[in-house]
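Remarks on the structure that follows.
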Amino acid sequence: MAPDWRQIATQKRDSVLALIPEEWRIPAPPSVDEQRDVTGKFIQQYLNTQEIEITETDAVEIVEKTSNGTWTAVEVTKAFCHRSAIAHQLVNCLHEIFYDAAIESAQELDQYFAAHKKPIGPLHGLPISLKDCCEVEGYDTCVGWAGLCFKPAEQDSVSTIAQTRRLGAVLYVKTNLPQSMMMSDSYNHVFGQSVNSLHRGLVSGGSSGGEGALVGGRGSVIGIGTDIGGSIRIPAALQGIYGLCSSAFRVSWRRAANHQDYLINSVAGPLTWSLDSLKTYMEAYCSSNPWDIDPSIPPIPWRTELTKPPTGRKLKLGFIHDDGYVLPQPPVQRAMSHVRELFTKAGHECIDWDSSSQSTSYYELWEPAILADGGEGCKAACKLSEPEQPLIEGMLVGKPEDKLDVAQRQALARKILDYKQMYAQKMLESGVDAIIAPVLPWVGYKPKQWVVSNQYVGYSAHWNLLDYSALAVPTGVFADKELDSVEACPGWKKYSPKNKSDEFNHQQYDLDLVEGMPIGLQIVTGHYKEEQAVMVAGVLEELRRSS
């Protein structure tokens with residue numbers, strides 16, 4: 001008799017924990033009540049001085065030091081392996097650990113540097129973490145399914161992983177995600193729940209939630225996630241870090257597990273706590289001709305000149321404070337107003353952006369496209385185990401009535417194209433450099449709240465529908481008991497919700513729970529305008545620094 005899926009899940013979890021060296025184990029991790037925030041000084045207590053210095057240095061300086069011999073690739077790799085191991089024991093963020101292979105790769109890089117007196121590539125010795133759906137030769141890609149455990153990949157993902165290795169990066173871990181990845185939380189039956197590094201009583205988001213928690217805890221300086229409706233930007237916003245959702249295939253996602261053929265393209269991109277680190281990765285990757293090994297990638301090198309503000313004029317920015325379907329909670333509203341005020345005071349033109357089509361396009365275009373297989377992909381994965389592994393409650397999975405035949409898919413594809421054409425004209429006529437909007441209408445949820453949330457990801461998914469570049473950014477705004485109280489926000493207190501999603505968002509606002517949590521927003525530019533999003537983020541970063 002085949003083992004029960006629960007036995008397989010237990011064996012898988014135990015096998016991963018066994019890869020953490022004994023000297024890196026925490027004898028008795030504190031409870032959430034004992035230690036809510038495990039970033040900063042708390043996690044530092046488990047590291048030595050050099051490990052702290054290395055893991056709290058951005059990618060630009062790490063590569064500079066590994067490229068001039070100040071740090072060896074082995075020193076850097078061991079530091080991130082150690083910190084990621086500690087982070088996993090605190091926030092449950094990892095799926096796969098390959099520390100030994102990572103250190104071996106780092107040794108080879110050090111040998112190359114010793115022999116040639118130069119780095120092997122622009123990411124020489126830089127550890128990079130990966131969302132579990134990225135296939136790495138020799139390691140599982142179970143994406144939360146017990147039936148896919150202990151079935152290692154036969155080769156690396158063609159472009160993203162293989163090319164990242166060629167650039168000199170060191171791969172060392174893969175991170176947690178929700179079963180099937182269609183959820184703004186990161187929970188599955190194999191590894192369980194990932195939580196937020198800043199508040200372990202809250203979710204880390206999804207579906208790149210393991211990456212968000214790991215990067216947020218500085219167990220990684222750059223992590224690669226994927227996004228089809230907000231899966232990079234949501235975890236980034238919840239951790240107060242950067243997360244880039246690019247246009248389709250700017251960063252390849254070939255040979256990834258659970259890669260269904262949706263009418264909406266899923267994309268890969270970096271999560272990081274440093275804007276300069278994000279630029280470093282994107283420039284190195286996009287300038288390495290990845291289209292030579294992956295024909296799906298457009299031949300667009302990184303255009304550094306577009307990451308600099310235009311000369312002789314100010315920016316024109318559109319702001320979405322409320323999409324008319326779900327009203328953002330008070331801290332999110334305040335973050336939007338704060339960022340708008342920063343740009344306005346600096347002389348930039350700020351206008352209200354018409355978002356009236358956003359919720360309609362979400363329900364009539366994005367959601368039908370995502371559910372078009374009628375849930376058959378997930379049902380097939382359930383049947384890989386005996387007895388069948390149950391679906392996680394709250395996932396966005398199609399039902400039989402959602403399945404579209406060929407003619408229906410073609411008709412939907414035409415509607416999506418028409419909508420893209422309309423929006424492109426709207427962007428062109430407006431003359432805006434970017435749109436600034438919430439990533440989420442909420443600040444934080446407890447684990448399992450998402451399953452009853454009448455989930456609405458229209459603020460993030462809309463830009464996937466359009467295939468626009470969208471960059472989640474920190475704002476320096478944090479939920480505040482005084483500024484964001486119901487009494488201080490009379491409009492919120494008197495508000496009458498318009499629908500079930502709006503009502504849930506309003507009812508679940510718990511300032512005592514989310515006090516001190518960061519508020520992230522997103523900068524949306526357009527089709528293949530990642531550099532422009534980075535430019536606007538850089539302007540915002542400078543305005544925050546000087547305010």
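Positions of Cβ are set from backbone N, Cα and C atoms, glycine also.
As written in TrEMBL, here are the features:
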DOMAIN    75-532  domain 'Amidase'
ACT_SITE  K131  active site, charge relay system
BINDING   M181, S207, I228, G229, G230, S231  substrate binding site
ACT_SITE  S207  active site, charge relay system
ACT_SITE  S231  active site, acyl-ester intermediate
CB-centroid shell, 8 A cutoff, substrate site M181, S207, I228, G229, G230, S231, site residues removed
M182, M183, S184, G206, S208, T226, D227, I232, I234, S266, V457
In chain order, residues whose C-beta lies under 8 angstroms from the C-beta of S231 (substrate binding site), counting only those at least six residues away in the same chain, are M181, S184, G206, S207, S208, G225
Please report the distance from the Cα of K131 (active site, charge relay system) to the Cα of I228 (substrate binding site), rounded to the nearest angstrom.
14
Where the record names M181, S207, I228, G229, G230, S231 as binding substrate, the maximum Cα to Cα distance in Å:
11
Residues with Cβ closer than 8 Å to the Cβ of G229 (substrate binding site), same chain and 6+ apart in sequence?
M182, I264, W366, I370, L396, V457, S460, A461, N464
Same-chain residues at least 6 apart in sequence with Cβ under 8 Å of the Cβ of G230 (substrate binding site), in sequence order, are S184, C245, V439, L440, V457, Y459, S460, A461, N464
In which DSSP state, out of helix, strand and coil, do we find M181 (substrate binding site)?
helix
